[in-house]
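Enquirer: What follows is a structure written as structure tokens; I'll ask about it next.
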């Protein structure tokens, strides 16, 4: 299969082979066909009735005497520059590997890589961070630095990787990136093997009346906390390795498939990245039910606050899988066989600058040296469509980052769920809404064959839809009554911010505020702990495995006189608005993710071809700097304003135990509205300022580019007819 060779002037195309890549020899009777006259726009004048017909016929064919390059065992893939396009490593290019040397083959391996990245960074890290804090005596701000190291590394590396990788051998950059990501995962698990065994101090009957035991406050810093630097380095390697994945990986897919199919391929790629965190939460949660010191007998259960699960297993598995998947990615060629025909048919949709400086990026030598870097940045900064798409992406990223971090906490508070139940609930929302929205966005662009302007309008429609749906946060579920926090032990209301956990029924129990372990009384009122409910005995419910507390002096039996019982955990909420809240949260997540792939596709199309990778890199820097990093901080500070009950850590304020649901909904609504209005405004301005190329700059019309590749084996159609 010979690749097209350019043998005419700068704008005319003449190929040594037809664009029908299904045969290694030209069809009989067409060997002597010559080229038409090259036109100024790069097409040939051959008297064809329509632009669609021109794509149904070869631009020119081989002349007699020309030979075709043959393999002994098959076809040798050679690019226009004589570069081999076979899949392999160096001179090792076995024929069996060429089965994977297709766009679907590279899509599969990139999907596995993005799945592993999402599972590790957004799944395992978020799942095990509490266990790591407990195991290595870390404070919350220290674990926050560990999580932020990923974004810091990405911001540091994005300019370098996207600029030089965009003009280099993309699969090699991708393969080495995945390999570095795997090394980061292995390094993250290393502290488990370099520290001594974890010793958990168990205390039987902690929390019941007159049985409360406190752990001494230790203000001295533990030597184990220095391991945070190893975790930060592991996360830094994660960030470095993942940088090529979402810049060079996207552009490599876009360059090697038809323009119509590019959004679908990118949507599949991003859907795998969204499913990764869901798998990370599920698998990571399973590993946390295994004690960190595997094989050691222990008398505490996962419900105990001193329990540390096997947090490190997931990182070992993900690291090994990343190292393996990097090997086939490293074997892919600079571009896939047959991709030249898509480059020939591609129509530029780059935003047209008034001074014409956008034409500089079309120079084949542009962007190959460091001296072109400032000019590349300047060209992107002068592109208002690109700038406002970046800003819109940052506002959407702020919402996504805030939602993914605090979405489970919102459900936990509104519906009175446990942390694991809330995470599972949120997973059921995110997988179909986030994954489905991502794939559907790419499908819609492909289905309706949208050009750049139409894609931005689709993004605007999605943002307006999610903006309307976000008003659902006007409603909320009422707080479950909690003695001493939302109401007094006698049942009267307590003013906000005023706690009174001591009453006559528990005054002699010696309860401590450090031991927060909520229980649900038989009177459907929650209590701070079994001790604060005045419970004196404990047993185990054989049906669900939960602890049941008896002889609770603060709880009245509903039917018989005397002290009542309580069960470990929160009381179940019977909120009537639960279904409505979940439905509209689903809609908000769906439309937020629905615009992600169209926005990415619009970014790729509004810049010149040679700047695509670099443009994605700059966009990721903007999105992370203005959205991904400050997003959780902004949402977290808003939600913290609605806290009713703070943790007391040796006199210092810790995390929030109980939130006021009405205030939480109100602050979530304010934050959501601000960012959605900004996103809508940015998409609207991007749409208004976009200036497409004049029609005469494209070879034929949009039909020629969008539909022509489908007509290689079909008879020509009358002018103006669609396929």
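Backbone N, Cα and C define each Cβ position, glycine as well.
Nobody curates TrEMBL annotations by hand; they come from automatic prediction.
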Enquirer: Which of these ranges is annotated transmembrane segment in TrEMBL: 69-90, 201-222, 311-332?
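Expert: It is 311-332 that TrEMBL annotates as transmembrane segment.
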Enquirer: With TrEMBL as the source, which of 26-45, 46-65, 106-125 is set down as transmembrane segment?
Expert: 106-125
Enquirer: In TrEMBL, one of 363-381, 458-476, 477-495 is tagged transmembrane segment. Which stretch would that be?
Expert: 458-476
Enquirer: Restricting to the domain 'Major facilitator superfamily (MFS) profile' (106-689), what is the model's mean pLDDT?
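Expert: PLDDT averaged over the stretch: 85.
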Enquirer: Does the transmembrane segment (311-332) come near the transmembrane segment (265-291), with 3+ Cβ pairs under 8 Å (pairs 6 or more apart)?
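Expert: These two segments touch.
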